[in-house]
Structures are given as C-alpha cells and as structure tokens.
Amino acid sequence: MVGWKKKKLCRGHHLWVLGCYMLLAVVSLRLSLRFKCDVDSLDLESRDFQSQHCRDMLYNNLKLPAKRSINCSGITRGDQEAVVQALLDNLEVKKKRPPLTDTYYLNITRDCERFKAQRKFIQFPLSKEELDFPIAYSMVVHEKIENFERLLRAVYAPQNIYCVHVDVKSPETFKEAVKAIISCFPNVFMASKLVPVVYASWSRVQADLNCMEDLLQSSVSWKYLLNTCGTDFPIKTNAEMVLALKMLKGKNSMESEVPSESKKNRWKYHYEVTDTLYPTSKMKDPPPDNLPMFTGNAYFVASRAFVQHVLDNPKSQRLVEWVKDTYSPDEHLWATLQRAPWMPGSVPSHPKYHISDMTAVARLVKWQYHEGDVSMGAPYAPCSGIHRRAICIYGAGDLYWILQNHHLLANKFDPRVDDNVLQCLEEYLRHKAIYGTEL
C-alpha cells in the first residue's frame, strides 16, 4: 500500500514536471514568435522592423564599432579626456592598421553578398520618407580605395543613385577595384566618359558634368545632386539629409560670394593645361551675358532642375564654355550660376544673398587662415589634425565641433592622418541611422 502511494506521488511529480516543461515550451514559442526577426529578409514593409528587438538585432548586424581603446561616445560629446586619449592613441604607430588594398577588394567582391554583409552596407530603405526622396551622388575619386569604399558605405542607400568618376590617370588596379566594388550594386555605376583630372583645371568640372549627364538619363527620379571627392565624409544620416533637402524647397545650397581682387585674376587671363595648369599673357573677354562673377568652392547641393539647366540652357552653356580656360573653374562656375536669374533654385546677385561656406549646407571645411580663438571672433578653433593646402585634415578633437554644424558633408578626412575620427564618425552615423538617436 505504501509502495503504491509512492508510485502515485512519483507519477504525479513527473506529470507536474512535464506540465512545467510544456508550459515553458509554449511561453518560449510565443516569445520567439513575438520577437521573431529575420534580419536577412527585413525590409521597410515588415512590421518586425518597427520593433525595438528587431532594431537591436539589425544594429548588432550592421554596427560599425570603433576600436576599444577609444571612447567615441565621449569624443562626439566633446569630452576632453576622451579626445586626448584618442589623439594619444593615434600617435602610437603600432596601433595603426594598414589600409585595405586594391587586391583585398578585388578578392572579396568576387562574392558580392559576402562583401556587402562583411562590410556592413545597409541594403534596404530605413524609412518611407527616404524611399520617396532619392538622392543622386557624383563621386570623383583617384586614389585610396578604402577611403572610397568607406565613403560609399556611409552615404549608401538602395533608393539613391551613384555615379563614380575615376581619374583616367589612376593606377589600373585602383580602377579595377572601383569597378569590382560598384559591380555589387545595381544603383552604383561608373561614369560613361572618364577624363584625366588635373588639379585646378577644367577637368575637375568635366568629371561632374559627365556624371550629371549620366544621372539625368537614369531611371531613378532623384531630387537633388550632391558631389563628393575621396576626402569627403557625411556628417548627417541619409534621413537627416532628406529632411534638410526638403527644407530647401527646390533651392540650391552652395557658397557664392563676391570675389577678392586676387581671385578675379583667375578668370582675367587664359590658362593652358599640360601636366599642370599655367597662366598665359592672353587676356580673356568679359563673361558672357554681362554676368557678374561670384566665387565659392567645388561643392554644391543642386536641385535636379538646376542640373538640367546647367546642361541644356544656352546661357548656362555659354558660361560653361567661357570658364574652361580659367584657373580652378569649379570655384566660380557653380557660384556664378547660383546667382544667375534663369537658373532654377538660384538666388539674386544682390549682396543680401551672399552665402559663405559656413552658411551653405554643401561642405564643412576648416581653413587654416581662419582658425583661431573663437572667443575673439574666429569662426572656428584650430585644427586638431594637420593641414594640407591650408585645409584641415580633421583629427578626433574636431569631431564634436563638426557634429554641431548643419552641413551634410565635411572635408577633409584621411585615415592615414587620423583614423580615430573616421571610426567614431562611422559609429555615430550608423547608430543614429538605426535608432534615430546619438551615441
């Protein structure tokens, strides 16, 4: 009788344990269904994309963490201890990673899916607002393949369209590596016409014009065109760019100011091009159509209608032809067209509408001769990196200031000078793209 009772109790215990296991299984199943998130098939239409759990999984798959020895959260907030540590870290040669080579990209792009996954490209639109507002890019490059790939990754979105112009003079392995990278994306292509780019000559403008023609012929209904070079990097997410471009309401944004007397000499004489650009004693005729000349820089944020008029409007084409033999025409062609009354999105030539590079959103640059004590009226503090052609190549100490500005991109970055600032910027932008919040 006692034995039978023990068996009954034992059987009851087993049933209780079995019931607990079944309950746990049901709860686990429900939780797994609730938190099911197939990152590989995640897209904008998926309900899962809106869940915090899926956002976390997506971020874990796509995050671009900087090396552990630097505190990017502190650097982006301007914490001086974190900045000093990053600058000291940058001085240690043994910690510097050699840049990825042309051969690396030629090998990894043999499997495009592996390349995009390993290099962590975002492969679907992150919002409907971004999907409905595609952006076009003209990317002019000539060296440093890793710089190009990291820039492309930072600005890449599948709804956008990207034209890449490679300098004809670039090494063949570099050109092949660029082709290999862009072959992995249906919305990235090589410009149909490539030119040899000579510093400060017309060829820099021609590279952008070639991309403009190709981009207008694409099937993507892009709204704005941004032009970039290999030392640029975005300081806004794609979503932030879309918002900023919408706020322009069809206007363009680029530097356009009255030229100094020294800059007027850039179009006073005819220039010749060999391997370099040199002036002649031949005086040029005045600008066509009595246009007042303005000066700016090579970078612009231009509406599609503006781009169309650059290529098709007879008055625009007369100015284009006139500036071809000037010095650094990219620094006065766009600035002058931005003040031409027939150009869509332009502004009047009146002094009230002069726009500095700090006011325009196209590009954030620190010029050496403007750096100084901000409390004494300087526009910005000294560069924490180094200078090249009087332009700051940013260091980690510049990042907090960079992120306080309204520009879409900044120039110049070079991982050989300071890779910490780029790593932190990549980590910051990727976190903000996925979560919409800062680090």
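In case you wondered, yes, glycine gets a Cβ from its N, Cα and C as well.
What Swiss-Prot says about this one:
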type	residues	note
DISULFID	CYS72-CYS229	disulfide bond
DISULFID	CYS163-CYS383	disulfide bond
DISULFID	CYS184-CYS211	disulfide bond
DISULFID	CYS392-CYS424	disulfide bond
CARBOHYD	ASN71	N-linked glycosylation site
CARBOHYD	ASN107	N-linked glycosylation site
TOPO_DOM	1-11	topological domain 'Cytoplasmic'
TOPO_DOM	30-439	topological domain 'Lumenal'
TRANSMEM	12-29	transmembrane segment
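Separating the Cα atoms of CYS211 (disulfide bond) and CYS229 (disulfide bond) is a whole-number distance of 13 Å. In the three-state DSSP scheme, CYS383 (disulfide bond) falls into the coil class. In sequence order, ASP79, ALA82, GLN85, ALA86 are the residues of the chain that are 6 or more apart from ASN71 (N-linked glycosylation site) and have a CB within less than 8 Å of its CB.
CYS424 (disulfide bond) sits 5 Å from CYS72 (disulfide bond), counting Cα to Cα. Comparing the Cα of CYS72 (disulfide bond) with the Cα of every entry in ASN107, CYS184, CYS383, CYS392, these being the recorded positions, the smallest distance points to CYS383. For the disulfide-bonded residues shown (CYS72, CYS211, CYS424), fewest C-beta neighbours within 10 angstroms: CYS72. Separation of the C-alpha atoms of CYS229 (disulfide bond) and ASN107 (N-linked glycosylation site): 25 Å, rounded to the nearest whole number. Using CA atoms as reference points, the disulfide-bonded residues CYS163, CYS184, CYS383, CYS392 were checked against ASN107 (N-linked glycosylation site), and the closest is CYS184. Mean per-residue pLDDT, taken over the topological domain 'Lumenal' (30-439), amounts to 95. Closest to CYS392 (disulfide bond) by Cα-Cα distance, out of the disulfide-bonded residues CYS163, CYS184, CYS383, is CYS383.
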